[in-house]
Amino acid sequence: MTMHKYFRVNDNDIEIYSKNRNCPTSMPNTNLAQLGFQSETMDFQPEINIQRNVYQVDALANKNPGELNRPVVKYKKKRKCMDYVKTTIPAIDWLLLNYNWSEDLLEDIMAGITVAVLNIPQGMAYSILGNVEPTVGLYMAVFPVLVYSILGTSRHISLGVLSVICLMTGKVVSTYASDTIADPEGYTNMEVATAVTMVAGLVQLLMYVFRLGMLSTILSETLVSGFTGSVAVIVITSQLKELLGVVTVRRNGPLQVVYTYYDFAVNFHTINWMTALVSAVTITILLVYNAFLKDKINKKLCMPLPIELLITVVGTTLFQITNIAEDYNMIQMGEIKSGLPGIQVPPLKLFPSVFLDACIIAVVAYSISMSLALLVSEKLKYPIDTNQELLAQGMGNVIGSLLSCLPCGASPSRSASQQTVGGKTQMASIVSAGIIVVVLLWVGVVFEPLPRCVLSSIIVVALKDIVLQTLELPRIWRNSRTDGLVWLITYAATIVLDIDVGLLIGVLVSVLCVFVKGVLIDVHALGRLPGTDLYMRLDTHGDAAEVPGVKALRFAGSVNVINRFAFKRKIVEALRSEYAADALVASAVPSVAVLSAAPPEPGSRTVVLDMAGLQYSDAAGTKLLCELFESLVADGYDVSLAAVPDASIGYMRANGLLSARFFPTVHDAVVFHQHRRQSRLLDAVVVKSANGEQKRF
């Protein structure tokens with residue numbers, strides 16, 4: 001029986017070759033299973049067999065060298081006026097033109113109800129962080145949300161109160177607000193808060209005008225994790241007064257966490273034990289429910305059980321029918337205004353004073369919201385316009401500032417609920433806003449007897465997962481020391497110094513790390529994997545072998561005015577290690593001057609520079625690349641450049657590098673030099689004839 005080794009499958013036909021791959025036997029309409037092979041047990045390794053000529057970039061592009069790879073100018077296609085309108089107001093597209101009323105409306109209503117019941121306790125609780133009335137958080141669940149529903153591009157994020165933003169705003173409020181009775185020319189808490197909101201909105205709109213949506217990437221995921229984790233610690237620390245009823249002053253500025261705990265220890269004797277008991281019971285119920293009961297109960301319900309709202313209602317009812325709060329001097333919510341707020345313009349004189357804080361708040365709120373929006377959009381596969389998000393949030397803040405709102409942000413918990421319950425579009429947010437309006441008009445006053453310690457307990461439990469982000473530091477450190485350093489510095493600086501200072505330091509450290517990475521360069525010697533056209537690092541791939549007569553170097557990084565000499569030095573050091581016997585390289589000042597004892601043989605010192613990792617080259621870097629090439633050629637090296645980015649080829653030639661050979665791959669360059677070297681060796685063979693004449697073959 002003849003054993004066949006090679007197969008070629010064409011659709012349903014199989015051609016079987018003998019061991020010498022000659023005379024194929026065609027078997028139409030046959031598959032491997034019919035031949036007795038079991039595909040699931042076969043060790044069938046796919047192969048790539050390609051035969052082609054060696055290409056240089058010019059020939060491959062079929063263009064003249066001087067015309068190759070000039071900077072490409074992109075021309076945008078003309079758009080109709082209606083396209084601009086739909087882009088600026090996305091609700092026209094998803095709501096008026098494409099909304100599926102029969103399939104999506106019910107799910108959006110369910111999601112809207114879920115978000116609304118979360119908004120009620122969170123809105124009132126986080127208003128405490130902002131040093132404003134509890135109803136402000138409910139206002140924020142209506143007006144900015146409606147604006148975002150019309151202008152935003154994310155279908156699932158839930159705008160409104162956000163603990164980090166409320167705390168940052170509360171710090172500004174406590175700095176500039178005063179008692180207007182004692183100081184008639186002072187500003188109320190609400191005036192300062194709305195001024196911050198207005199300036200933050202204007203900053204976001206200005207960023208939209210200049211298309212600065214990409215600035216959200218300044219706050220990396222690691223930086224945001226460290227920042228929000230430290231802010232969560234500050235928020236919980238600030239709530240000790242409400243949780244325990246201790247009489248202390250609110251601390252701000254550097255070491256505020258340390259001073260707060262010091263004040264707590266000094267004034268511990270003023271603790272209100274009934275307040276502490278209610279807080280402990282509330283926190284215990286929430287923790288036990290979230291840890292052991294939440295998943296089991298939610299599986300049996302069509303929507304998540306609003307445990308925070310349930311505790312708020314039960315607490316309100318309990319303290320309404322009893323006199324516990326009055327008997328034990330517990331701090332209650334107090335008067336809650338019913339109805340919607342009137343339009344009031346923030347005091348313009350405050351704008352310069354709060355400008356810097358408002359800028360930081362604007363960037364932080366936008367970055368956190370964008371992180372959530374991008375996370376959900378990547379999961380559900382729909383696009384997000386980063387610049388349009390600036391317009392949506394900016395307009396939400398500007399309009400919200402006229403209607404007694406703090407700066408808004410997207411809440412992770414509410415956004416996750418809106419998506420997991422089944423919300424399809426921002427119609428869920430519109431439904432949620434409608435429910436909150438009903439609460440403001442007729443239900444809000446019901447919560448007046450509720451002790452504030454209950455809301456503080458809700459805040460603390462809601463921040464538990466954010467505080468536990470600290471446990472992620474070892475994993476972050478193992479994955480990247482740079483990211484771990486950014487996280488640690490941001491976290492420590494925010495807690496020790498202050499929120500805005502810590503964020504600024506974190507951003508500076510993050511930018512510095514990016515800058516350092518941008519100037520670091522790597523140069524490694526390459527070797528070819530046997531039987532392939534793949535070239536891998538010699539120091540990490542044991543199977544890779546250096547091609548005889550060819551020194552292949554891979555460069556990764558940028559060549560710029562800062563690191564250009566370091567790049568030259570690394571190239572020279574790599575060449576010195578290869579040609580140490582016949583090359584002397586100056587070391588005092590980076591140079592490629594090579595002094596040889598004897599002139600090198602033509603083609604004996606071949607260098608292929610793999611430039612696929614070239615990220616960027618400025619004018620100084622491009623000039624150095626050209627000088628490096630010319631110096632190496634002058635010193636007897638046969639140099640070729642492989643996988644150079646298209647734009648860099650044009651810039652190099654514009655700087656006078658016209659004699660260089662550019663190859664699309666390293667293998668093209670290596671094969672070219674091998675063939676050229678063989679040709680030179682054949683030309684160098686001289687045979688003397690009998691009469692003394694020399695013949696060259």
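Cβ atoms are placed via backbone N, Cα and C, with glycine included.
As annotated by TrEMBL, domain 'STAS' applies to 540-649. Annotation comment: TrEMBL describes 135-152, 159-178, 190-210, 222-240, 271-293, 305-325, 354-376, 427-447, 485-512 as transmembrane segment.
Spatially, the transmembrane segment (354-376) is not adjacent to the transmembrane segment (135-152); fewer than three Cβ-Cβ distances between them are under 8 Å for residues at least 6 apart in sequence. Here the listed stretches are 135-152, 222-240, 305-325, and the one with the most C-beta pairs under 8 angstroms to the transmembrane segment (485-512) is 222-240. 135-152 is the stretch from 135-152, 190-210, 222-240 with the greatest number of Cβ pairs below 8 Å to the transmembrane segment (427-447).
Here the transmembrane segment (159-178) has long-range neighbours at 119, 122-123, 126-127, 129-132, 137, 140-141, 144-145, 148, 152, 186-189, 191-193, 196-197, 227-228, 231-232, 234-235, 238, 250, 252, 350, 353-354, 357-358, 360-361, 364-365, 368-369, 393, 396, 406-411, 414, 429, 459, 462-463, 498-500, meaning same-chain residues at least 6 beyond its ends whose C-beta is under 8 angstroms from one of its own.
Residues of the same chain lying 6 or more positions beyond the ends of the transmembrane segment (222-240) and with a Cβ under 8 Å from any Cβ of it are 129, 163-164, 167, 246, 250, 256-257, 260-261, 264, 364, 367-368, 371, 456, 459-460, 463, 466-467, 469-470, 472, 476, 483, 486-492, 494-495, 499, 502-503, 506-507, 510.
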